[in-house]
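**Student:** Heads up, here are the entries from TrEMBL:
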- 305-345: domain 'UBA' (DOMAIN)
- 92-110: transmembrane segment (TRANSMEM)
- 116-143: transmembrane segment (TRANSMEM)
- 164-188: transmembrane segment (TRANSMEM)
Amino acid sequence: MFTSTGSSGLYKAPLSKSLLLVPSALSLLLALLLPHCQKFFAYDLHAVKNDFQIWRLVCGRIICLDLKDTFCSSLLIYNFRIFERRYGSRKFASFLLGSWVLSALFDLILVEAVQYSFGITVASNLPSGFLAPVFALFVPFYCSIPRVQVAQILGPLSITNKTLIYILGLQLFTSGSYIWIVAISGLISGVCYDRKVFQVHQVLRVPGLVAQFFSWALEPIFSSSEPASEVRVGMGATVDIQRQQRMEQLDRQLMLSQFAQVRRQRQQQGGMINWNRLFPPLRQRRNINYQDGPRSEERVSPPLQVSEEQVARLMEMGFSRGDALEALRASNNDLNVATNFLLQH
């Protein structure tokens, strides 16, 4: 959907697909057909504390009873599928499980802290649904996804590849009276899990046997095929500019396909890659409508030096130095193209 999330579709993201389909379908079912059953999925902390209804910590934190929250959280999960592709389904599921458990504890602490410090009694029902892990995912999103400027408005203000996702998170944050409690507890739990505070990532994780079972039972159901390459239509002011934009897109797709083929060969055979031989430089295009005479094409050698700063940024995202160097060389030091390719493969 947005440029920071790589390719479209849910390829290599079966858990994200299941989180999009199952809770959303149950939320619609409760809202439209079974409204009298919504009381069993209310996130009532007073009932948990006073009546020891521990089951509400599970039922009340899975299905959204508000369709607006369902829509916003589904869009965010779709964009955060990038982490399942990078970490793998088991590690991604462990992050969601850990933040989900920790946020339940922080919900109780925040409610008691607000009541003790300010004398404000929070309403008995907090917003229901799988919201806290969604807010927790903003922590790795902020820390590991590079910020690439897309446009600049009003002088110093700029729009990046992450702006729209932050706006969507703000929309979810302001959708209810007490959703800020769930949001803050989710962010705190995300920081604790991402920064490995008290080694919670070792305690709150999905066991290997459980991961293998769900991979065998559910992955065939929720798996998606690899999306075909899409060529976006140029939006230039003239037909010539649009044609040039389309040709540049085709050049980029050809470059990435060659990179994928060479990477597979290297994994099978090992050894170094001759970049000068396998990746010829991009063609220098000229506008035939605005040039008088023919001009021979100049071939520009690909850059031999790779920016160490860009390599460091890719390594901070979890990629190896070798993969970072290959992606940057193949993309002519274009950090956005290199990042998108590494996240897709």
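Keep in mind that glycine also has a Cβ here, set from the backbone N, Cα and C atoms.
Describe the structural context of each listed feature in the structure shown, including burial, neighbouring residues and relevant distances.
**Tutor:** Applying DSSP to the domain 'UBA' (305-345) sorts its residues as follows: 29 helix, 0 strand, 12 coil.
Away from its own ends, the transmembrane segment (92-110) comes close to residues 15-16, 45, 48-49, 57, 61, 83-84, 126, 130, 132-133, 136-137, 140, 181-182, 184-186, 188-190, 192-194, 200-201, 204-206, 211 of its chain (Cβ-Cβ under 8 Å, at least six residues beyond either end).
Same-chain residues lying 6+ beyond the ends of the transmembrane segment (116-143) with a Cβ under 8 Å from its Cβ atoms: 19, 23, 27, 41-47, 60-66, 69-70, 73, 76-77, 80, 83, 95-96, 99-100, 103-104, 107, 162, 165, 169, 172-173, 175-179, 181-183, 185-187, 189-191, 193-194.
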**Student:** Given a Cβ distance threshold of under 8 angstroms, which distant residues of the chain, six or more beyond its ends, lie next to the transmembrane segment (164-188)?
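**Tutor:** Residues packing against the transmembrane segment (164-188) from afar: 2, 4, 66, 68-69, 72-73, 75-76, 79, 99, 102-104, 106-107, 109-111, 114, 122-123, 126-127, 131-136, 138-139, 141.
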